[in-house]
Amino acid sequence: MAVRMRFLRTEGSIILFILILAQGFRYSRTCDCDQQYFCNCSSNNLQQVPKVPANALGLDLSFNQIESIDMNDLSPYSELKTLNLHKNKLKFIHKEAFKSQHKLEILDLSLNNLKNLSLSWFHELNSLQHLNLVGNPYTTLGPAPIFQSLLNLRTLRFGSPSLREVYKNGLDGLTHLDEITFVGSNLRSYENGSLKAARPIGLVSLSFQNLFQNDPELVSKVLQDVSHPETLLIIKDVALRTNTSTEPFKAAREGGTKSLSFQKITSTDEAMTSLLMVMDGSSLSYIGLEDVHLIGQGWWQKASYTHYENLHTAYIRNLDIQGFFVFSSMMQLGFLLVHLHKVSVINGTVFVIPQQTTPLLKNLEYLDLSQNLLSDLTIEPTLYTGFGAYQKLNTLNVSQNVLKSLGLMSRLATNLKSLTYLDLSHNSFVSMPENCSWPATLRFLNLSSTKLRKMTPCLPSSLTALDLSENDLMVFHQRFPQLTTLILTGNRFMKLPQGKLFPRLQTLLIQRNALRMFNGSDLRRFKTLQYLEASNNNFVCSCEFVSFFRQDVDHFITIRDGRRNYVCDTPFTLRGDAVDSVRLSVFECYMIPAVLVLCSVIIIVLGLIVVTCYKFHIIWYLQMTKAWIQAKRKPAVGRLAEELRYDAFVSYSQHDAEWVEEILVPELESAHPPFALCLHKRDFQPGRWIVDNIIDSIEKSHRTLFVLSEHFVTSEWCRYELDFSHFRIVDEHNDSAVLVLLEPIKKETIPKRFCKLRKIMNSRTYLEWPEDEEKRSEFWSNLRAALQRDE
């Protein structure tokens, strides 16, 4: 039983360990924490708060299945500054769940299932600046001062279609609040002062849907609290269809609202006319319409008697007019144009501004007609400058239209005497005329994404900023003496443009081209260049470029687009590597000099070897050794006296042949008994290698007789014979060498390579050929005795 219990405990421990290990693997797989200590655990089907490093600064848990946050789920992460729980299934948050989050600055609880908001959640969030509670099914906000402790709160988003009642909730004590987003499409009760902050709020966004139509009085209460001259009021997701639906805006007018914007609304011409009449005489200076669906036939007569002298800016984006072609002219709204300084009509299917309308734009300074249908046929009446139109215009944006003639645009722009900024991007000019006229005031020109293929002198030299990005340009030759910013991103330049063309250039952007490299001499030509962005090019990571980029480029300019984005394209082995990380060897960098040095070293070494071999006669030693080894490998020749064919092998110089053949040989071969001598001239086997003959003759001879003279020590073959004889003496431990000194030889005159001769002369007695004939008989007697075979 005890054994069984121990087994169960062991098994339980193993299972627990496996579960913990699996849980750890789950955390590491679902959460990705970067070097900034931000952990992204989004969209991982999590059902509870996962384990992340305790020093995490940001935690994104959005789009998961978390239903509750218990008291200790977040307590280990006291360093958090950002916590995102957007779109989970939160139903319960413990009242002390955020107790450890003293440093939390951003909290997103939007789109969950929280039916009640607890005051205790926010007690310890002293650093909280941004709070999002939108999209939860709570029905009541207040009367407890929920937000009272959030003294540093700057942005607050709350409300949902479920919200029915709003009471005072502590906003009146928040002195740093800059932005409120309130969703109350089904609001039924609102206590006055609920959205009244301690000071004017910079931006208030209200989403009421049909509330303007169904309960305009309640909307009026809200507008009374939030309207202020310093507040941008945004009305979202509403329908304004009747005169009644615009009545709440009287509260905005009375509150002194200067900036009013409508986003994602549906309206009729009748309601818009009523709105203009309600706001008549107000201090409104900004009106915005974004994502507006307009219904009706365009009857604005009643609005023509209103006064909007303070209206300076109109911003219209994504305007959709139902039944556009039956919509009457907007000429009746011309009174609104007279005082406007800034007008933006973006993506509004505008194809023309009638010529009779442009004289109303005398005060216009900024005009944005981007993303419309302007063409070469309609741009001329649109920019008609008669009767003082556009004389104050300094900024014109006609990008993303269907313009095709750059020459026409330059001619029309010339009439705009105050124009400084012109955006012609995302049109289809394709080509550029040779000559153009431009206003002398033009400083900024945007020709990006206009399909240009070639530069000409058409562009104005007065420019200080020029954008030619996303075209098909390869060369740049025009001089711009005033240019400080040049954008060439997305073209086909293979090298930097010549710096001498831009004496005042400070910023150059040339990313995504075909640059191969650049160096100090290229950048030195730009006298005033400070900033360069040249990443995502086809850089050749040569030694010169890599060395310059890593060590010297910062001495010339500041790289603003990140050094890690400068990547090698060639050689293939380095493709994709950041230039900063490349390490090239000396041989790769200086191949030709390295090869030359290597070859020189090899030649010098070989020369030294040759000199050494010559000086110390190493070749001789090698040749002799080789021959001796070959001889030793042959079948051994008997050394017995009866197997020796010769009494002596005579080694002599050819210069001493006369003495040998006429005196030595006759004397010894005619003696009694006669001596058998081996002479190379007579006894060597024809056709046989001479070294083999020498070795064979020495081995078949009882003695080796050396006839020494000055000629002997200079003979190469004599040296071979001497060396082989010396080897025989050492190998066989005998006394086979006999020396005859034919003439006196000083030992110091013997070449060093005859070290064997020196050694033998120092260790053995030798016979000297006497000049005196009386002593020759003694010489012959001693020689015969030396050659005599041992018994």
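Placed from the backbone N, Cα and C atoms, the Cβ positions cover glycine too.
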From CYS436, CYS541, the residue that TrEMBL pairs with CYS458 through a disulfide is CYS436
Between the C-alpha atoms of CYS39 (disulfide bond) and CYS458 (disulfide bond), the distance in angstrom, to the nearest integer, is 53
Residues near CYS458 (disulfide bond) by Cβ (under 8 Å) yet at least 6 apart in sequence within the same chain, in sequence order, are LEU406, GLY407, SER410, MET432, PRO433, GLU434, ASN435, CYS436
For the disulfide-bonded residues CYS33, CYS39, CYS436, the largest set of other C-beta atoms within 10 Å encircles the C-beta of CYS39
